[in-house]
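Asker: Got a structure for you, questions after.
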């Protein structure tokens, strides 16, 4: 015999008993339209609906939502904040939510939004301007400096120049004149955040007649806001069938509701237990304890935090990073991992378990995680200045002060020292590179992206790897060739050394001035020794002795760290001492003898993507 599941049986009884009840009281919903939508300082009636106003009370496309006392409205698949509503003139001021944080993003993540002309008219006090990214720059267009992009061009006309590869349109006051505010992005951002005003195309006379006849205004179609009058009150008498259905439904309502609630709670608990069990099957016991202590978010909460994943700030090999805001107003970065069906989420487990055991000024702070089936996300603090690789390019690094570069290198060293020697469980990162070093407002570095990390007891000095991991150019020789010894925390030391040489510009010089050298030079810059003998410190010619001392110290530390043999490299606590100590105490490290197998075959199966996860302005 076939048995209905308990949930189906309960629902069947529920809908059977209440079949006549909606028919008996459907007209009563019309009385609910007297109520107003309330959210923060926004009060709205017809043609809006939402909250305690059912859909019948408004236009299908004008549903208002309230979250944290902020009213929002979806127009043409774009979310807008409703800043104000003027019922006298049927106008409202709206602002696109994806413009509220910043319009200086690379690449442009924005798409043009079209307002339905049957419903909205933009007030004549506003106009549309188009923002472009043009290569080469068009001289006739006003340009504004953006930290993450370089420059943005603005035009009043909507013609698309051929050389402009990215564009989107914003609505701003007609008083805005691009040429008069040249190079001042602040005024443009302010005008965009203040939103723009639109008028609803409502037949005001018809609605006034409804009010005078003690009726309320309704709509007749889906797109045009054609109105008609509807009664506010119910008929006073119900049929006997309706009365019986109503009494029966009301009598059994508490029992059915209680049954449904108990069933849902049991089902949800079973589902959660199964999901947690699936996760725990692949996590060692020490890591489970670390996960339990973290705040766990539901996937719906993650969607609210990221405003339905509105703003992308970074992309990498393991997922996409979105900008988000917690309920207390804190800005966060939310990394949503890619489909994990094939690897049981080991990258997710590595990152969460590793970051959950850290607390250091130079390690990015983990705030929580989400794990619902194959939907997994990591929430951590947001770094306004993005990743280090954007600051050590040939153009930007030449303008940075040597003390700033030294502070960044020292901060990363302290962070790695903490991972190797300061944690209860030693953490080896395995993917130290500029893209995985984030910078806060004060250019203080924080190590991030622990997707390839491994945890081991501090007494263990050797790690066993089933696969080679890291990014080409930063991988220690022993990781892909056991000729050089065993893999250990010294592998991070090598990656740090290459990072330091990147900071002082050594990698750029290698690619431009040493193209005729052997392929092994991409792992060990042989030419640096020659420059040290000549007195050149590898980045630029400095005039002050203090800067010259900093440059030489960073160069020597970098060379010690990238020694091919792990035993010849200093541990990270010794690296910090070298960075903080006197230059005179540092010796020039011996020139290494590289083995032929130092350059591996570039197999994508073990190379992490270069575009790792990072946040941007």
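Note that Cβ sites are derived from N, Cα and C of the backbone, with glycine treated the same way.
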Asker: Taking 244-264, 265-285, 286-306, 307-327 as the choices, which stretch does Swiss-Prot tie to transmembrane segment?
Answerer: 244-264
Asker: Which of the listed positions, 69, 442, does Swiss-Prot note as N-linked glycosylation site?
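Answerer: Going through 69, 442 one by one, Swiss-Prot flags 69 as N-linked glycosylation site.
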Asker: Can you tell which of 86, 385 Swiss-Prot marks as N-linked glycosylation site?
Answerer: 86
Asker: Out of 112, 508, which one does Swiss-Prot list as N-linked glycosylation site?
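Answerer: In Swiss-Prot, 112 carries the N-linked glycosylation site label; others show none in the record.
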Asker: Need this for a regression test: recorded positions 69, 86, 112, 471, filtered to those with Cα within 10 Å of residue 41 (N-linked glycosylation site). What's left?
Answerer: 69
Asker: Which of the recorded positions 86, 112, 471 has its Cα nearest to the Cα of residue 69 (N-linked glycosylation site)?
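Answerer: Comparing Cα positions, the closest of these recorded positions turns out to be 86.
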Asker: Write down the Cα-Cα distance for residue 112 (N-linked glycosylation site) and residue 471 (phosphothreonine), rounded and given in Å.
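Answerer: Just about 37 Å between their Cα atoms.
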Asker: Counting only residues 6+ away in sequence within the same chain, which have a CB under 8 Å from the CB of residue 112 (N-linked glycosylation site)?
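Answerer: Spatial neighbours, sequence-distant, of residue 112 (N-linked glycosylation site): 168, 169.
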Asker: May I ask you to report the DSSP-based helix, strand or coil state of residue 471 (phosphothreonine)?
Answerer: coil
Asker: When you measure from the Cβ of residue 86 (N-linked glycosylation site), which residues in the chain that are at least 6 apart have a Cβ under 8 Å away?
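Answerer: In sequence order, the residues whose Cβ lies under 8 Å from that of residue 86 (N-linked glycosylation site) (at least 6 apart) are 92.
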